[in-house]
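Take a look at the structure below.
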Amino acid sequence: MTEVVPSSALSEVSLRLLCHDDIDTVKHLCGDWFPIEYPDSWYRDITSNKKFFSLAATYRGAIVGMIVAEIKNRTKIHKEDGDILASSFSVDTQVAYILSLGVVKEFRKHGIGSLLLESLKDHISTTAQDHCKAIYLHVLTTNNTAINFYENRDFRQHHYLPYYYSIRGVLKDGFTYVLYINGGHPPWTILDYIQHLGSALANLSPCSIPHRIYRQAHSLLCSFLPWSSISTKGGIEYSRTM
């Protein structure tokens, strides 16, 4: 497609789900957009299997962009991304994985990519509601255009994945990027615990500080000395998650 795209193109863009008849078009587009070769079964799945959210952006009847994502339980996250969510979230907590997001070159920078991403968020809020806690994806470390797109929309780098991709027989590095939603968050680091403690102390009234410090110190002592016979009526019980 080589026509000049008007600045008002977004107002003429329509959205619809991909279907089996789109396979040839989607193959051609993915060949232009991505260096990875997908098997025919992948194209059949994303255009027919209801577990995928496969949305096309069309302009005057032609597909000019698409997003493919899967909403799944956190237990189905692959090992390399297993720590996307803190272990405190239940096993039926859901995540959304973006398999593909692309826009025809002439239509880039017209808001179509953002429209597709926002449509995925709307779909999540309708189907998964607040049970979905994160949206994540993988990207080549050299794909600065995509990285800037996601970072400008509040996605944050979570993992560096050496040799994650095999492109025409050459191994390439990747990143995992994550957007947390509905209160989702990664496992806490030591810095997070320190910041949480500082916030809690800032909210204490002066008169309660000595007693609370004693209780926290007692709890800490017991965690290091489980054989200790020290006891207190006001002791704190807590569990630690990793």
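Placed from the backbone N, Cα and C atoms, the Cβ positions cover glycine too.
According to Swiss-Prot, the protein carries these features:
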| type | residues | note |
| --- | --- | --- |
| ACT_SITE | TYR97 | active site |
| ACT_SITE | HIS138 | active site |
| BINDING | LEU101, GLY102, VAL103, LYS109, HIS110, GLY111, ILE112, GLY113, SER114, ASN143, TYR150, GLU151, ASN152, ARG153 | acetyl-CoA binding site |
| DOMAIN | 13-182 | domain 'N-acetyltransferase' |
| INTRAMEM | 193-236 | intramembrane segment |
| MOD_RES | LYS79 | N6-acetyllysine |
| MOD_RES | LYS105 | N6-acetyllysine |
| MOD_RES | LYS109 | N6-acetyllysine |
| MOD_RES | LYS121 | N6-acetyllysine |
| REGION | 162-173 | region 'Required for homodimerization' |
| TOPO_DOM | 1-192 | topological domain 'Cytoplasmic' |
| TOPO_DOM | 237-242 | topological domain 'Cytoplasmic' |
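Under the three-state DSSP scheme, TYR97 (active site) falls in the strand class. Counting only same-chain residues 6+ beyond the ends of the region 'Required for homodimerization' (162-173), those with a CB under 8 A from a CB of the stretch are 35-36, 80, 138, 140-142. With respect to their backbone Cα atoms, ILE112 (acetyl-CoA binding site) and LYS105 (N6-acetyllysine) stand 11 Å from each other. Each residue of the region 'Required for homodimerization' (162-173) gets a DSSP state, and the totals for helix, strand and coil are 0 helix, 10 strand, 2 coil. With every protein chain in view, the residue among the recorded positions TYR97, TYR150 whose Cβ has the most Cβ partners within 10 Å turns out to be TYR150. Among the recorded positions LYS79, SER114, TYR150, the residue whose Cα lies closest in space to that of LYS105 (N6-acetyllysine) is SER114. Less than 8 angstroms from the CB of SER114 (acetyl-CoA binding site) sit ARG153, each of them six or more residues away in the same chain.
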